[in-house]
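Take a look at the structure below.
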Amino acid sequence: MVSVQFRTLLIVSAILRVVLILYGEWQDAHMEVRYTDIDYMVFSDAASLMMSGKSPFERSTYRYSPLLAFLLIPNSILHRSWGKFIFSAADLLVGLLIRMILKLRGVPEKLSMISVIVWLFNPFTFTIGTRGNCEPIVCALVLWVFICLMNGRVLQAAFWYGLVVHFRIYPIIYALPILVILDPHVFQPGQKPRLQYWNRWQESPQSSSATRLAQLLCPWFLLKSALTRERILFSFISAVVFFLFTGLFYHLYGWDFLYEALLYHLTRTDPRHNFSIYFYHIYLQYHRKLSILEKLVSFLPQLIVQVVLVLSFAKDLPFCCLVQTVAFVAFNKVMTAQYFVWFFCLLPLVLAWSNMKLKWKGVSCIALWVGGQLHWLLWGYMLEFKGQNVFLQLWMASIIFLAANTYVLVSIIRDHRFSPVFAPLEKTSKDSKKLK
Amino acid sequence: MRSESSMKVETMKARTSQPSATVAFSNSFLLGFVLVFSSAIGFCTLSSAHYSTLQAGTSDSNYDGGGSNISAFSRFNRYIMQSYYEKYENLFDSDFQDFVAQELPFGLCEVLPHDLSFVVRPSILHRNLIGRGSHRHLTSSIRVNIKPEPIYELPTHHCELIIIERLPSGVFADPFELQHLLQRGAYNAIAVFGDANLELPSFLSNRTAVEVHMDIGHNFLLRHDKESNINIELPLHARYPPLDESGYWEVKFGMPDLFMRCSMEGTSQNQSCLYKMPEINGSELGYANLVWKIPSGMKAHAGIVSTLTFVAALISAIAIAATSIFHSGVASGKHLKES
């Protein structure tokens, strides 16, 4: 299953990460600016609180599931870098899972190696794990859900999906495409679903959006197609798992857990500067309460984009999730660099189906996206470290970054060869009747 | 047709043999997770049970049976600000001055002198705010003099200087950063009191105070005509200030409050004497106007920022939606043409 070339790739990536973790330890001890992310300190403190029998939420700004603090308990026992090793291991696991998914879909070796390299040697991703951010674990869980679905294990997929939504709320946006993909023509009891293999040229046919929209709006059709066995099972099991975890930790840690780990993320409006276009608007309006209409209006672009993307691309699950995540991050009220990992782990899954050439379309996308960030960071530096009032310029920079994100998203959509993950299973009994 | 069906059977066989490795992987993954998860639940349950007993434990120790006349509060607090926050909820200058005048036990010692205000003189050598952005350092250099007056025989004692910086609204200190400083051995003790929520803008948060304890030396009160220089550097951060027309919010720093705590060698801290140092008049030295200008949002921008933000978001959303609809529609059109 694992070729020699891939093994070498994994080993080199592992060495790179170990070197970075060691370097991070050195930089923390000898330089003013730390390599380690401030969040990692929060996790470690919460873990040591948990070890001494207290609630991890006593540590201010700890806003994650208690499971994360539990994972980091060896930070106090073994070494403070234990967590970084765990996150980097999850990072490598994501590389392995990407390759598994590509192999399952029949992508040729060379293309799958390139795709895995895009993850393993992406500077955003290897710094995230080695700096002590927990996002690689979430990415690994999401990819595992995909693999379970591709292997036809709906119950397992539902379990892991419930767990990942408990851990980090954003994967809830994948609920709709997953439910769409649990088509009764694809998932039949007792049979593994049939995967559609990678194809160099041909695009797969699908009904036009107009027909799909019409089908969706007809309530009878919606009801009949929604309440299928697999869909009900998946929704039920993942909801049960989610509420089980929530209930358990509520019982153990009370209201603190519910507020910090769940409600805070749903109602978060941070007026401090970040990539999101909404930050200055939130700061200027912070002193007054926003009306319901204003809140709805600010949510409208996000809603429109998510619904249209799901309607258009649900059957090509990895692609749908990728574009949904990019759009979700771009239109969110708060946007920080660690959220980029959420879609970087899905990008390698769709590269094999992209018509985009690196020269010059690909390079222009990368350049605009990175350039938009650097431009924003320049103004951010002026504000935060030089103390100059550049709020207006910083806000314009975030609008420009949104434009760059839109350009990249539009390019990716235009150059993508739509190909559903699953093919409908043949109805063998009916066919044999016809033959007779 | 037979060859087709046999091909299909072969491909089906090929597909079923391939994922056996994935099945094995999947099973071991699941097993590993179940093990980790069950130990996590076990641990969390144990720790939370322990947590509830701890809670009960600490509340009992607060109760002090005696009604001692000597001490004004029921138990000794290492930090002066801790005693302040036991009585008051928020930090206001008037409340603090009342507290210092009335509540604190001063000079309640049998052996050490009752009043040091004529003996010990502090002065500020310099005071500065270093840095240019939202993260700056407040540095103070304090000299403590013992005037050359006869002091009686004193037992071996040890003194520490307590500096309380009442930070103005809009500026805070990060307790974890200060802990880090403490670990580097810069100070005896350091603590932050008040609102240390890093994320709230200033009009939603309360003032904070930083209390620093520094060792001033062995048998300090016996050292005539000798001076001790103390240097403090506090890392501070600015909150987002309220909106202002000029685009900047000015924050002014006052002078620190100085205290000295001396305890005799061999006794516990409970039997120490706390002295208040005389006020230092900042304006004489030109330090009254230590000002930090924090960039703030401008109300005038509110209308245009909100409008343009929503317009930009809507335009982007429509662009993405249109591409998705158009592209998926065109794709099926193309395929039909080719076939």
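From the backbone N, Cα and C atoms, a Cβ is placed for every residue, glycine too.
Note: TrEMBL annotation is automatic and uncurated.
Look at TrEMBL and you will find A:6-24, A:85-102, A:111-129, A:135-152, A:159-182, A:232-253, A:334-353, A:360-378, A:390-410 tagged as transmembrane segment.
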Seminar exercise, completed: If you count CB pairs under 8 A between the transmembrane segment (A:111-129) and each of A:6-24, A:334-353, A:360-378, the winner is A:334-353
For this session: Take the transmembrane segment (A:360-378) and find every residue of the same chain, 6 or more past its ends, with a Cβ under 8 Å from one of its Cβ atoms.
Result: 275, 394, 397-398, 400-401, 403-405, 407-408, 411-412, 415
Exercise. Are the transmembrane segment (A:135-152) and the transmembrane segment (A:334-353) near each other by the rule of at least 3 C-beta pairs under 8 angstroms (pairs 6 or more apart)?
Worked result: yes
Problem set entry | Leading stretch by Cβ pairs under 8 Å, where the reference is the transmembrane segment (A:159-182) and the options are A:6-24, A:85-102, A:135-152 | A:135-152
Exercise. Is the transmembrane segment (A:6-24) packed against any residues at least 6 beyond its ends, judged by a Cβ distance under 8 Å, and which are they?
Worked result: 35-36, 81, 84-85, 88, 91-92, 95-96, 99, 113, 116-117, 120-121, 126-127, 129-131
